[in-house]
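Database features (Swiss-Prot):
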TRANSIT   1-36  transit peptide
BINDING   378, 382  Mg(2+) 2 binding site
BINDING   378, 382  Mg(2+) 1 binding site
MOTIF     378-382  motif 'DDXXD motif'
BINDING   530  Mg(2+) 3 binding site
């Protein structure tokens with residue numbers, strides 16, 4: 001993503017030469033610049049990971065730089081070789097039968113009390129059922145049933161939380177924590193203050209020394225709830241610290257099991273970087289292996305069978321969409337942009353992980369195309385193009401006419417048409433969904449995005465290190481989040497009239513915070529490599545400039561604290577129960593933020609896409625689950 005600044009690559013006297021230069025006639029000089037590779041936990045260097053910068057000189061004497069990134073990992077032959085039989089109608093029929101059976105499970109909880117559901121467990125049964133179908137990635141089939149179950153639970157919610165059942169005389173930690181999390185995610189007004197009930201007389205969360213499985217699961221629910229925190233909720237911060245420590249200690253004592261794996265997954269990814277399809281894939285592996293709900297009215301085998309089927313049926317759709325995406329990539333002329341990173345399959349994977357409803361093909365493909373273009377532009381502005389060429393390109397983009405590309409270098413002409421054709425194509429899809437032309441929105445986003453690049457170019461040309469405030473405001477735009485999100489969400493079957501769009505897109509708080517997370521988290525992962533390339537400006541360096549005497553470690557601590565605060569603010573913007581904008585209208589912008597955050601969890605997952613990102617592609621797109 002656009003998370004690096006632009007460096008001047010040629011003097012103005014070279015402009016007349018650069019206009020006729022080609023990206024394909026280059027003489028190469030290489031120098032290696034070491035960069036920090038992060039371990040899986042982001043704590044240590046990986047010696048094998050390094051980044052090199054290639055300096056190239058075209059035949060007409062223009063000096064250029066190229067990032068020595070690894071090539072596209074997913075070639076056309078590999079994509080075409082993928083096979084699946086889960087697109088057959090018989091699998092869809094089997095899934096529909098299972099959907100009907102799961103609906104009966106939901107309905108059985110609404111009938112009269114019986115042996116398996118009664119006044120002493122009816123609340124936890126409902127919450128657990130909702131949580132299960134959501135974690136398994138099959139909740140889209142049960143929207144009415146989920147609402148009915150949560151309405152019932154909420155009707156018994158109080159300032160003391162809830163017990164396991166409506167007639168329970170004491171509050172239960174597992175029921176209350178899981179209820180708090182689930183109700184909050186669905187927009188119900190529930191206060192985190194209920195968690196104070198589970199503290200001892202010293203104001204600390206209480207636990208027993210034995211750490212039984214029941215208690216461990218309760219604390220796991222507490223940890224998951226604590227991640228859905230809003231600004232200023234001290235009890236949620238305390239709950240997160242306590243429960244994380246408790247669970248880490250529990251892992252040292254309990255045997256390897258589905259419970260231990262579930263704890264590791266939740267501690268590893270939390271919530272903001274635990275993408276829904278990724279969570280579904282992981283939860284399929286551990287679901288139904290415990291005995292906690294053996295006396296439940298919930299048939300875990302049916303839920304698991306449906307989850308696996310749905311995962312694989314969508315996998316067959318992913319194959320077709322990937323084939324289309326690869327054809328688009330080739331036909332657009334993208335392979336000729338040899339100076340850039342080609343990560344279209346990785347971007348498609350991110351989109352698949354946050355929107356795997358079949359009807360949202362336009363979103364997935366639009367997101368992959370848009371982010372692919374942003375990344376190529378990032379590399380063009382960051383390393384390959386000269387400042388003078390980039391000024392011409394930026395001005396030509398604002399004219400929005402193919403004839404404007406006539407004055408550009410050959411490689412830029414191709415890039416111009418890729419942007420022009422793709423943006424117009426996605427706008428046509430958006431017009432079908434929204435019933436109005438959205439090109440003006442798209443052009444405004446692209447214009448501001450490229451302007452933010454040019455601002456960074458001027459800073460570098462003049463040697464100016466901006467203040468943190470200057471850098472931060474410009475950097476939120478140059479992060480590319482708004483540009484990546486706007487057009488794809490408009491292709492969805494979700495209405496975005498102007499008054500709703502302004503609460504989701506610029507100038508909304510939701511948009512501002514989503515851009516901020518990408519900027520700040522990206523900087524913490526990229527600033528050392530950027531600095532090694534001579535690109536000094538980052539949130540870390542600008543903060544240190546504003547605060548003389550502050551160490552780099554202090555600056556990182558400050559930025560990480562900012563990220564935590566921004567995440568809580570973003571949670572509030574999504575889930576505020578008093579908001580006039582439905583969660584469904586905000587959810588995908590929020591989830592795009594989660595997807596980008598995941599890519600920077602350990603390292604720059606776009607430049608180094610052959611570790612965690614490759615694993616994500618294989619696990620959620622390439623490989624089906626075993627039935």
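Here the Cβ of each residue, glycine as well, is placed from N, Cα and C on the backbone.
If you take every residue in the motif 'DDXXD motif' (378-382) and average the pLDDT, you get 87. If you measure from the Cα atom of residue 382 (Mg(2+) 2 binding site) to that of residue 530 (Mg(2+) 3 binding site), you get 10 Å.
Counting every protein chain shown, 26 other Cβ atoms lie within 10 Å of the Cβ of residue 382 (Mg(2+) 2 binding site). The two recorded residues, residue 530 (Mg(2+) 3 binding site) and residue 378 (Mg(2+) 2 binding site), have Cα atoms 13 Å apart. Helix, strand and coil content of the motif 'DDXXD motif' (378-382), in residues and according to DSSP, is 5 helix, 0 strand, 0 coil.
If you draw a 10 Å sphere around the CB of residue 378 (Mg(2+) 2 binding site), it holds 22 other CB atoms from the protein chains shown. For the residue listed as 'Mg(2+) 3 binding site', the number of other Cβ atoms no farther than 10 Å from its own Cβ, over all displayed protein chains, is 23.
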